[in-house]
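Take a look at the structure set out below.
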Amino acid sequence: MQLVAALAALGALVAPAVAYPHAPMNETLVDVQLTAIGNTMIKAIITNKGDTPLNMLQFNTIMDENPNRKVMVFKDGWHIPLLYFVNRFFTTLAPQASVEHSFDIAATHDLSVGGKYVVTANGAIPTAEEHSTTITSAALYESNELQMDIDGNQAAAVEQAMNFTPEMQSIHARALEKRTKIVGGSCNANTLRATQTALGNSARLAQAAARAAAQNPQKFQEYFRTNDANAKQRVIARLNSVARESSSANAGVTTYYCSDTMGGCKPRVLAYTLPSRNLVVNCPIYYNLPPLTRQCHAQDQATTTLHEFTHNPAVASPHCQDYAYGYQQCISLPAAKAVQNADNYALFANGMF
């Protein structure tokens, strides 16, 4: 993922989210308004505009307490990348009721330059009926556009959400100098072997998926909600880039860690990516997955790695976001978001092959 969540490992609370009846996304159910309450502090007001209570999933949405992508931050028209990501529960919201959530964008974005920024929020919140954890739909939202004038020095003083230590920066720099993908010091024999196997499988899946995208319009429509020629070329190019990046364990544009030293591996997280550094980290439960599943739309190490590579801008730009997880939610996305959603690529590769 900008975190991949291990849905199957969540138990009764949210396990039903893995498979639920196909329901289109609702574009009018939820309203999100942003206001500035400090130099880099933002308050988001999320309102249920419907006439029935909603049980709204917090994980990897604007309501998540962890450092996921809550908003998009722009300066002079350029997107400021998220430095990291992350965990999960539900919030029940009565009809016309609102919930407020405040967060500091300087904890997850580098705003040290200061000046004028534009902040927006958009995405999808999986929803269930009141007193239920069975996902039945998802509410798309797009907030107002918030203009902020930020003091760079104050922003730089905000504690970062993840511990990217000087030692880690040094390791990362050495890895880039040598064009090393897997950082050997982060692996033991078992995790190194598993990661190398996942890379090989990811390469084969991505190559096969790229061919299928060109040759199977029915399946392309199923997973990406369009057969537009430009969208198809974008998907094929991204899959080919993932295949190239996965094809070697000692050369490439990303740095790959077998283990986490930055504190991003929260409960239920399989792996995560830092797009600003083109860095991928496997979490302990990644190694509980099978190397390559035979079950359609199930999680495995290969498609988790494929998913993570789509988040890296050095692999393909613009890099993918996490708008939705799981087959039913992903195929409910509109085409523009499906083509930019990481899990659509992993599911397409797995579902075809």
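Just so you know, glycine gets a Cβ as well, placed from its N, Cα and C.
The following features are taken from Swiss-Prot:
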type: SIGNAL; residues: 1-19; note: signal peptide
type: DISULFID; residues: C187-C258; note: disulfide bond
type: DISULFID; residues: C265-C283; note: disulfide bond
type: BINDING; residues: H307, H311, D322; note: Zn(2+) binding site
type: ACT_SITE; residues: E308; note: active site
Rounded to a whole angstrom, what is the C-alpha distance between C265 (disulfide bond) and H311 (Zn(2+) binding site)? 17
Candidates C187, C258, C283, E308 (recorded positions) - the one closest to D322 (Zn(2+) binding site) by CA: E308
Tell me, how many other CB atoms lie within 10 A of the CB of C258 (disulfide bond), whichever protein chain they belong to? 22
Using Cα coordinates, what distance in whole Å links E308 (active site) and C283 (disulfide bond)? 12
For D322 (Zn(2+) binding site), list the number of other Cβ atoms lying within 10 Å of its Cβ atom. 25
How big is the gap, in Å, between the Cα of C283 (disulfide bond) and that of H307 (Zn(2+) binding site), rounded to a whole number? 14
Using the alpha carbons only, what distance in Å do you get between C258 (disulfide bond) and H307 (Zn(2+) binding site) once rounded? 16
Give the distance between the Cα atoms of H311 (Zn(2+) binding site) and C187 (disulfide bond), rounded to the nearest whole Å. 22
